[in-house]
């Protein structure tokens with residue numbers, strides 16, 4: 001077991017009856033999950049604040065803002081090639097058993113992601129960070145609905161309660177949004193930013209369960225990064241075409257030298273390079289979370305970080321933090337906490353059921369859990385290859 005998943009006999013028999021799916025997880029690598037969420041935590045908060053930083057200090061191109069969200073895809077080559085060629089931690093060669101089907105779905109999802117990034121850039125350019133962050137939580141209820149339809153997600157009191165609370169948080173924000181317009185921003189532009197942000201959230205709600213469905217034909221964490229590389233490349237192509245048609249590349253040079261208030265050095269290192277790195281960290285970690293858990297869990301974890309984005313917007317940019325936002329933030333934290341508690345209770349019940357399960361060595365057994373990125377047992381690879 002090397003991708004953070006372990007399979008039992010019953011699941012193996014069930015998967016043999018479903019030839020298009022790879023074995024479902026029975027137990028996850030806690031260390032890999034924590035590391036992935038840590039990357040999501042840093043990437044999500046930093047990318048949101050840096051995206052606003054670009055517009056606050058004179059940046060105006062939404063295509064530039066869209067482009068930086070995916071242009072860091074070459075960084076994924078480190079995760080894909082280093083484990084095999086440098087660290088020698090896996091025998092699997094990169095892109096082994098990466099089928100035409102995987103390529104097609106990755107390209108299509110990447111184009112969807114590119115358009116989602118464009119909508120997010122429109123919203124960020126007009127709305128305060130705290131407002132746009134809370135608005136994005138509207139995607140959760142649609143993520144749950146799409147997960148039920150696409151991946152047959154089971155609706156429980158825990159996830160339903162969380163979705164209701166987080167959605168209510170966004171509704172409260174919308175009702176009080178008329179008091180939150182930055183100085184000089186027209187109602188029309190605010191309305192465009194509002195709708196663009198909600199649209200970005202809805203597209204992301206579709207993205208999460210679709211990727212979860214696709215990842216069922218993926219048998220290791222490294223392969224997730226390979227698909228993510230293709231997705232981000234496709235999103236970058238989408239943004240690059242928009243940049244070229246809109247004169248975005250020339251505008252970058254003009255902004256750096258004449259417009260950006262912090263000067264060209266800060267423009268290229270912080271507004272562009274740092275944005276590229278943090279966005280890539282955020283999206284790669286999101287894919288990892290979906291693979292290790294589920295689309296709805298990944299969405300809930302991301303939404304939980306929105307409360308931190310709200311606080312970050314208040315601290316860094318001086319966004320207003322009145323009564324409506326306080327209530328919205330409390331509901332956001334409350335909803336996520338209830339979901340985590342429900343997940344904890346479920347995991348405890350699962351652990352009791354799985355006592356005596358053979359095939360995993362852990363610290364209690366006096367052994368080490370075998371978790372290596374991109375490395376799988378030969379029989380698992382052969383079985384997965386037959387199904388893909």
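Residue positions begin at 1 at the first shown residue.
A Cβ is built for glycine as well, from the same backbone N, Cα and C atoms used for every other residue.
Of all ranges given (3-22, 63-82), TrEMBL attaches the label transmembrane segment to 63-82. Against the transmembrane segment (63-82), stretch 103-122 has more CB pairs under 8 A than any other of 30-51, 103-122, 190-208. With a cut-off of 8 Å on Cβ pairs spaced 6 or more residues apart, the transmembrane segment (296-318) and the transmembrane segment (30-51) reach 3 or more such pairs and are scored as touching. Packing against the transmembrane segment (134-151) from elsewhere in the chain are residues 123, 127, 159-160, 162-164, 166-167, 169-170, 173-174, 194, 197-198, 200-202, 204-206, 208-210, 212-213, 294-296, 299-300, 303, 306, 310, 325, 328-329, 332: each is 6 or more residues past its ends and has a CB under 8 Å from a CB in it.
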